[in-house]
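Peer 1: Encoded as structure tokens, here's the structure I'll be asking about.
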Amino acid sequence: MEIAVFGGGAWGRALAFAFGEKNEVKIISRRDLNEPLKKLNGALISKGSAPIEQVDLQRGLKAALYVIAISVQHLREWFQNASLPKNAKVLIASKGIEVLNRAFVSEIAKDFIDPNSLCFLAGPSFAAEIIQGLPCALVIHSNNQALALEFANKTPSFIRAYAQQDIIGGEIAGAYKNVIAIAGGVCDGLKLGNSAKASLLSRGLVEMQRFGAFFGGKTETFLGLSGAGDLFLTANSILSRNYRVGLGLAQNKPLEVVLEELGEVAEGVKTTNAIVEIARKYGIYTPIASELALLLKGKSVLESMNDLIRRA
């Protein structure tokens, strides 16, 4: 079966590599895919088990299944320009919350695609590990379990993909963990110790679940791969862009400098502000996200982390 992957960043390339084990894959991107990405340590998707052909949008639209790995902040504009069929079978691999409209990914997507044709990828994984064929377990959330299983069956032998519902829980967990991961990077960068880090992540998980429950997310989603699994991975590894943002902030570098040095999108930065605004609107208690938002706006990193630990 032919699968089109939209997005030529690290995540898009890794997913193209993964789906290429069992399927014919086309990748659609403005980037030159012959140019190695630092995020992937120079690995090219052409080294995968099957050749990945880069094609234009119109050719990509002829595929049977679509995988979308576009930055959340550009996702709405991308949908507007791509003009996918309303009944297209879509797996969205983007994680975050749209700042402009404070919208969840599913809210953006349903404006363009039949909700019964939408799936959302969640769970702990790094592009740099997937492109090496290292094993992981992921979750495909969808109201259409048959479609979720169809996508799951297309994943490679080194990925165990589970089909679940609870779209809102899965996407909030995937977005919120990036916020906590920044705080985790700050904690490690300041060398506050394992006890402080454990407290931060434990309370961060509770905060994620509280926020998600307000919108109907299920507790078991936050305790599983989509929530705790993704959080513990992202908040503890140098492979995480959001974690590296925290490390940079811990060195008292201005956010602009940290992001410039990163050279990649760290969704957690903008997601933090979106979460705080949503929480303020609905009266949801989000102490870690709220304190992190102040840090991102220039508050002293030591003062911010001390306040965060005391409040968390």
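Heads up, the Cβ atoms here are built off N, Cα and C, so glycines get one too.
Residues annotated as NADPH binding site in Swiss-Prot, with sequence analysis given as evidence: Trp11, Arg30, Arg31, Lys95, Ala127, Arg241, Val265, Glu267. Taken from Swiss-Prot, the feature sn-glycerol 3-phosphate binding site applies to Lys95, Gly123, Ser125, Lys177, Asp230, Ser240, Arg241, Asn242. Annotation comment: Swiss-Prot describes Lys177 as active site, proton acceptor, evidence class sequence analysis.
Could you place the listed features in the three-dimensional structure?
Peer 2: Proximity of Val265 (NADPH binding site) to non-local residues of its own chain (separation of 6 or more, Cβ distance below 8 Å) is seen for Gly9, Ser71, Arg241, given in sequence order.
Long-range C-beta contacts of Lys177 (sn-glycerol 3-phosphate binding site), restricted to its own chain and to partners at least six residues apart, with a cutoff below 8 Å, comprise Gly204, Met208, Gly227, Asp230, Leu231, Thr234, Ala235.
Under DSSP, Lys177 (sn-glycerol 3-phosphate binding site) is assigned to a helix (H, G or I) in the three-state scheme.
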Peer 1: Greatest CA-CA distance (Å) over the residues Lys95, Gly123, Ser125, Lys177, Asp230, Ser240, Arg241, Asn242 that the record ties to sn-glycerol 3-phosphate?
Peer 2: 16
Peer 1: In three-state terms from DSSP, label Arg31 (NADPH binding site) for me.
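Peer 2: Coil, per DSSP.
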Peer 1: Using DSSP reduced to three states, classify Trp11 (NADPH binding site) as helix, strand or coil.
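Peer 2: In the DSSP reduction, Trp11 (NADPH binding site) maps to helix.
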Peer 1: Work out how many Å separate Arg30 (NADPH binding site) and Asn242 (sn-glycerol 3-phosphate binding site) at their Cα atoms, rounded off.
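Peer 2: Between the alpha carbons of Arg30 (NADPH binding site) and Asn242 (sn-glycerol 3-phosphate binding site) there are 24 Å.
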Peer 1: Take the Cβ of Asn242 (sn-glycerol 3-phosphate binding site) and count every other Cβ within 10 Å, whichever protein chain it belongs to.
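Peer 2: The answer is 25 other Cβ atoms.
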